Every structure is written in structure tokens, then in C-alpha cells.
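Pulled from Swiss-Prot, these are the features on record:
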type     : residues : note
TRANSMEM : 14-34    : transmembrane segment
TRANSMEM : 57-77    : transmembrane segment
TRANSMEM : 89-109   : transmembrane segment
TRANSMEM : 149-169  : transmembrane segment
TRANSMEM : 190-210  : transmembrane segment
TRANSMEM : 224-244  : transmembrane segment
TRANSMEM : 296-316  : transmembrane segment
TRANSMEM : 338-358  : transmembrane segment
TRANSMEM : 365-385  : transmembrane segment
Amino acid sequence: MGMFTKLTKSYTDGNLIIQILIGITIGGILGFIAHKSSVEAAIVVNAASMLGNLFVGALKAVAPILVFILVASSIIIKEFGQANGLKNIIILYLVGTFLASLSAVVVSFIFPTTLVLQNTSNALASAPQSIIVVLKDLVFKMVDNPVHAISSGNYIGILTWAIGTGIALRHSSIETKKIFKDISEGITRIVKFIIKLAPFGIFGLVATSVAEAGFEAIGGYAKLLLVLVGTMLFVAFVVNAAIVYFVTKQNPYPLIMTCIKESAVTAFFTRSSAANIPVNMSLCKKLNLDEKLYSISIPLGATINMAGAAVTIAVLSLSAVNTLNIQVGFLDALLLSIIAAIGACGASGVAGGSLMLIPLACSLFGISNDIAMQVVAVGFIIGVVQDSIETALNSSTDVLFTAIASQKS
């Protein structure tokens with residue numbers, strides 16, 4: 001028992017990124033051997049696939065209640081304050097997140113990516129044919145019974161009820177707010193536990209994918225990662241630069257490079273916007289910004305300024321759409337941009353938060369929850385790099401927008 005406890009503690013205290021890399025490596029090797037018609041390896045892969053299915057099943061079970069609680073509690077608990085210029089910062093956060101999502105959609109159309117998914121035959125039956133059908137389905141999903149929405153994984157209904165509950169309880173008693181905060185923290189702990197098991201699940205998923213499709217599957221992940229990282233860099237150096245220039249009419253790059261050097265680099269390694277708040281506060285002080293403003297805007301940005309998350313949600317959702325050969329028009333893509341931006345605002349405070357909101361975007365196109373959760377699992381496979389870049393973009397943009405809003409106000 002002592003040895004088991006020691007091994008468990010060693011695993012839980014270990015570096016998740018390294019553990020996931022080990023899982024990917026072992027799964028890839030095992031899958032490759034099985035792909036070359038090794039009977040023994042194929043038997044092991046079949047057993048390993050159970051780990052992948054269990055991981056996806058756990059994600060599928062926790063995701064609906066997670067989305068509801070995170071979005072509702074973020075509206076109920078967050079105190080926005082009255083600091084001068086805060087309204088401008090909130091507008092910048094929302095506009096920046098939407099433009100990031102729109103950029104991701106455009107890049108995905110130019111460089112379409114596909115994934116290796118299982119059991120996709122049933123997913124095509126419910127694919128919508130036009131924006132009218134999408135909007136009709138959207139409206140009916142919004143008025144779904146909240147209990148049914150959570151139990152069936154209707155993420156549009158969940159989001160609608162979460163926002164409604166948040167607004168309705170915005171001015172509730174301190175005790176009520178504390179209950180929602182405690183529930184939110186409890187759900188977050190459950191998700192963290194599931195994420196800790198990711199190396200085993202990813203081992204099973206990679207082994208199964210490579211055994212079925214060879215290293216073609218891993219090549220698909222590499223292209224997907226290239227599109228994700230490329231889009232995030234485009235947002236950081238082009239979209240954000242355009243926003244800064246539009247607001248200040250000054251060369252944006254000195255400020256952008258300062259934010260990347262002193263905020264993004266730290267966030268890249270911590271992979272947490274919340275953990276990077278002290279770093280951002282220190283940078284704001286160094287830039288001589290208004291303390292009353294940044295003391296509110298930086299923690300707020302760690303919650304709602306999620307450009308990187310919006311990119312992840314949009315790119316991975318469109319990868320699923322491409323894989324299933326669903327035709328997407330301009331208005332469909334615009335609606336996806338809006339939904340991805342709204343969903344991204346609720347992605348903070350939990351490991352892999354942006355990935356857990358992918359089913360919300362996928363549901364716009366009638367993609368089943370089973371398929372959407374396979375896409376989430378793919379996100380965890382590439383998450384070693386994706387999550388780091390995403391957090392770096394999210395966190396550094398908090399300081400960037402606070403700085404330009406301070407100049408404006």
C-alpha cells in the first residue's frame with residue numbers, strides 16, 4: 001500500500017506536459033507496430049482504446065454542467081467596479097476576442113484541416129443545409145428545458161440558461177454568490193482530476209489513431225497545430241496591432257513587443273492566465289498605468305479576454321466540419337465566430353477550458369456530442385503546445401488593451 005501511495009503521489013505531482021508527451025510517444029510507437037500487422041500489438045491497442053474511450057466519456061459527462069456553472073458563476077460573482085476607462089477596456093476585450101475568432105474562421109477556410117475521427121457515419125444525418133435551418137435550430141435549442149439541455153448535451157440551451165441565471169442572480173445575496181463560487185470551485189476540481197488522467201486517455205487515443213491510419217493521423221495533428229499557432233501569431237502581431245493603431249494612432253509594435261517579452265513568455269510556461277495576474281500587474285505598474293484601472297481590468301481580462309481560446313474553439317470546430325464534409329456558408333461562419341467569442345469568455349478558470357467549449361460550437365452544425373468529444377480529445381493531444389501559445393496570447397493582450405485604454409482615457 002505504501003508503494004502504491006508513493007507511485008500515486010509521484011504521478012499527481014509530476015509535470016502534466018511531460019506525462020502527455022510520454023503518452024503520445026508510447027501510444028504512437030504501439031500504434032505503429034500494430035499498424036504493421038503485429039497481432040500482439042493489435043491486442044494491446046484494443047485494450048488501450050478502452051482508456052481513450054473512458055477519457056472521452058469522462059469529458060462528455062462533466063462538460064455540460066461545467067459550462068453551465070462556469071458561465072453562470074462568472075456573471076453572478078464578478079464585480080466590475082466603476083474605474084474610469086474600464087468600459088473601453090471591456091469593449092476592447094470583447095472586440096479583440098471576436099476578431100480573433102473571425103480570423104480563425106478565415107484562416108480555416110484558406111487552410112482547411114481534417115481529423116481522424118471514429119464512428120462518423122451517423123454525424124452527417126443531422127447536418128443543417130442553410131443558415132435559416134441553423135438559426136431555427138438555434139432558437140429552439142435556446143428554449144430547451146434546462147435539465148434536458150444538460151442531460152442531452154444541448155450546449156446552446158445550457159449557455160442560454162447559464163446567462164439567464166447569471167443575470168437573474170447578479171444582485172443576489174452574498175450567501176447565494178458564495179454557493180455558486182463554491183460549486184464552481186468544486187466542478188473545477190473534478191475537471192482537474194479528469195485532466196490529470198489525460199496522459200492515459202491520450203495514450204489510448206494516439207495508439208488507436210496510429211494503428212488505424214498510420215502516422216498519417218499524427219501528420220494531421222501537425223497541420224492542425226500549425227494552423228492554430230499561425231492564427232494566434234497573426235492575431236498577436238496583425239489584429240492586435242491594428243486595434244492598437246486604431247485606438248492610439250501610434251506605432252503599435254514597441255508596446256506589443258514589451259507585452260510579449262514581459263507577459264507572454266511567462267504565461268507560455270505557466271499556462272494559466274490567473275497565475276500570470278501578478279506578472280501583468282507588475283508590468284502595468286512599470287508602464288505607469290492607472291492602478292485603479294489595472295487592478296480591476298487585469299483580473300477581469302483573465303476571465304473574459306480570451307482571444308486564444310476563441311481561435312482554438314473556431315479552428316477545431318471547423319476541422320470537425322471539414323472532416324464530416326459539412327458545407328458552411330459565410331453567415332454560418334459569422335455565427336460560429338460570435339458563438340466562439342461568447343464561449344471563449346467562459347473558458348477561463350479551468351484546465352483545457354477552451355477545449356471543453358468546442359461541443360458548443362460543433363452543435364451549431366448538428367455535430368453529435370460523441371464526435372465533438374473526440375475533437376476535444378484531439379485538442380488535448382496537441383494541447384502541450386496549443387494551450388501554452390493560447391495562454392500567452394490571452395494574458396499578454398490583457399496588458400496591451402489596458403495600456404491603450406489608459407492612454408485613451
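Placed from the backbone N, Cα and C atoms, the Cβ positions cover glycine too.
Keep in mind the model is a prediction, meaning the values are calculated, not measured.
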Stretch winning on C-beta pairs under 8 A with the transmembrane segment (190-210) (pool: 14-34, 89-109, 149-169) is 14-34
Counting only pairs at least 6 apart in sequence, do the transmembrane segment (14-34) and the transmembrane segment (365-385) share 3+ Cβ pairs under 8 Å?
yes
With pairs fewer than 6 apart in sequence excluded, do the transmembrane segment (296-316) and the transmembrane segment (89-109) have three or more C-beta pairs that lie under 8 Å?
yes
